[in-house]
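Engineer: After the structure tokens below, expect a handful of questions from me.
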Ligand SMILES: N[C@H](CCC[C@H](N)C(=O)O)C(=O)O
């Protein structure tokens, strides 16, 4: 069959976006992985699938598949691409839409100057709900946050890192580093992603504090490796920094692929993510 798709990115985090309302789409994880493969397929960090909503009051349903073919709960940069896609395809006449995801309902809004702001919902902070297994660990309280020790086996050496754990519907482990460009992201990112204390694996964030309202951030993403930007990762990093008393809202987040802005008024409040959404090309592939 011929499958139409649109290639998009949000601050360099790139996506294949598929209209599954007007096309029959029902693939296995292996088939999603093949589409996302950068050599044998189209290539993308994630695949975003647009479906009709099943919940009343929602405009669409949004499914997300990582580069490894696994379906996940949430994608912040993807939510911005999503609202731009449905507007450009004429699937909605609204600038602000309500979208059903595995993690709950989010509400992206297309701004007049072309950026997108997404109400990503409130962060989940209870370790067990991340999910993070804190049994037997003594966390170190800092401000309203808790830093958890993670023991990493680095080729016979043992290294301990201190992480904040935050869920934006998907799990994040965030640490502060002195210099993101020198941080061992390729080395420790996979070790954190697959750490046994994260039963659903985890996205590993590395943030450098530039000021109380500005960070640099790199994220080794679950199921995708290091991406040029991670929207939920930016939300998680800002939430962790604010809770630790290191950051004040709004926070400018400089990822390697572009700039995001995060606003959060505190526990129980939604996190707002603002940033770019770009359409790169349209395509068709035989599957
Ligand atoms: N790798 C993430 C999904 C994509 C998140 C990221 N691309 C974003 O913009 O939030 C996970 O497995 O939870």
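Heads up, the Cβ atoms here are built off N, Cα and C, so glycines get one too.
Caution: TrEMBL annotation is automatic and unverified by curators.
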Engineer: Besides 13, 66, 76, 77, 170, 203, 221, 222, 231, 232, which of 46, 96, 140 does TrEMBL list for that substrate site?
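Structural biologist: Only hit among 46, 96, 140 in TrEMBL's substrate site, alongside 13, 66, 76, 77, 170, 203, 221, 222, 231, 232: 46.
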Engineer: Give the distance between the Cα atoms of residue 77 (substrate binding site) and residue 230 (active site, proton acceptor), rounded to the nearest whole Å.
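Structural biologist: Spelling it out, the Cα of residue 77 (substrate binding site) and the Cα of residue 230 (active site, proton acceptor) are 6 Å apart.
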Engineer: My understanding is the cutoff is Cβ-Cβ under 8 Å with a sequence separation of 6 or more in the same chain; which residues meet that for residue 13 (substrate binding site)?
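Structural biologist: Long-range Cβ contacts: 45, 46, 77, 78, 227, 228, 229, 230, 231, 255, 257.
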Engineer: Determine the minimum-neighbour residue: among 66, 203, listed as binding-site residues, which Cβ has the fewest other Cβ atoms within 10 angstroms?
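Structural biologist: Counting other Cβ atoms within 10 Å of each of the binding-site residues 66, 203 gives the minimum at 66.
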Engineer: Show, in sequence order, which residues other than 13, 46, 66, 76, 77, 170, 203, 221, 222, 231, 232 on the same chain lie with their Cβ within 8 Å of the centre of the Cβ atoms of the substrate site.
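Structural biologist: The surrounding set, listed in chain order, is 45, 64, 72, 74, 75, 78, 219, 224, 227, 230, 233.
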Engineer: Just jot down the residues in the same chain as residue 222 (substrate binding site), at least 6 apart in sequence, with C-beta under 8 A of its C-beta; none if empty.
Structural biologist: 66, 72, 170, 171, 193, 201, 202, 203
